[in-house]
Each structure stands twice: as structure tokens, then as C-alpha cells.
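Student: Okay, so Swiss-Prot annotates it like this:
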- 27, 29, 95, 98: Zn(2+) 1 binding site (BINDING)
- 48, 50, 53: Zn(2+) 2 binding site (BINDING)
- 20-166: domain 'CENP-V/GFA' (DOMAIN)
């Protein structure tokens, strides 16, 4: 039996709309849900196997994308949010009641500072960028997944057209390396 990766992948990937203008994310609380308005579409939307990202119940992976932080605004019940681990690079703001991660923000110097991490499946609107790749695939082993099953996981991703990586995609790794070289003075600040 094939593993459950994530509903947005297992149920068939729906192509997003490149002109999509954003929408509202809602936590899972039936009463007074936290609402976060995203003022645009996400980029680099991907399946993530790390142990820190929020995943729907029964899923091995989260699906997470990034959006400029100035396009992220909490519009309802902000008092219900708390940071799960304030020592982490990505400060994941989750609902205290239902546990859903609403957005992750980086405050420390980092190549992705200025981008917030969000789960667009929390929105009813259609048009969000579809998953582009799968990252940190081997990390599911750290969470108790039998390593003998990882080839099957990779095959399942490839069957829906997603490339798999054990870090991030090459484009994102290049961005991280470029930022690091710029910080160390090995590359000019503007390329």
C-alpha cells in the first residue's frame, strides 16, 4: 500500500493560477478561527518532510510555500497565536487551541529572512501555486518512517511529476550559498 504523502498530492495535484492574487488562511478552530490574509500567491511551494513543519493528520509531508512578509497580515484572533519554538530559525506561529501553524517568520540573519512560510491548504480559495518539488524526503526516517519505504515515497512523488531532494531544490540551495558568499565577502552584494 502506498504511503499517505499529503492530500494535495495524493488526491492529484491541481495546477495553480499564475495570476492568483491571494486569499485568507484559517486555522481549524470551529469557533473564532485565526485568520491570516495573504496579499499574493506563494512561491517555491513544496512538500516538506522535516519534523518541524505542520502536517495534516496522517500525512508524512507538509506542503509549504513562501510569500514576502509584508504580504502577510493576521486579520482575526491574533491573540490565539503563539510561537512554538523561539530558538528555531523559522518562528512558527501556531494556534494555541487547534495547533495549526499559520505562518513561520525568520527574524535572524538568513537568506530567506523577509519571506514567511505558509500552508495554502488552509485557504478555501483556489489558484494557489501547486507543489513544485519534495524537500527533506529522508527526514521522514527521523520521524519513525521505515527507511525501506523511502524508495516507494520517491516513486510516488515522481509519479505525480515532483522531483525529490534530501535538502531543498537546487535553485533554493544556490540562493542560500549565494547569500552566504555575499555575507562572507566572497561575492559582491549585488549580482
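Including glycine, each Cβ sits where the backbone N, Cα and C put it.
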Student: Starting from the Zn(2+) 2 site formed by 48, 50, 53, give every other residue of that chain whose CB sits within 8 Å of the mean position of their CB atoms, in sequence order.
Tutor: 49, 51, 52, 55, 61, 62, 64, 135, 136, 139
Student: I'm trying to understand the geometry here, so how far is the Cα atom of residue 98 (Zn(2+) 1 binding site) from the Cα atom of residue 53 (Zn(2+) 2 binding site), in Å to the nearest whole number?
Tutor: 15
Student: List the Cα distance (Å, whole number) between residue 95 (Zn(2+) 1 binding site) and residue 50 (Zn(2+) 2 binding site).
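Tutor: Answer for this pair: 20 Å between alpha carbons.
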Student: Within 10 Å of the Cβ of residue 29 (Zn(2+) 1 binding site), how many other Cβ atoms are there?
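Tutor: Here the count is 16.
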Student: Could you measure between residue 27 (Zn(2+) 1 binding site) and residue 53 (Zn(2+) 2 binding site) for me? Cα positions, answer in whole angstrom.
Tutor: 15
Student: 10 Å Cβ neighbour count around residue 53 (Zn(2+) 2 binding site)?
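Tutor: Here the count is 21.
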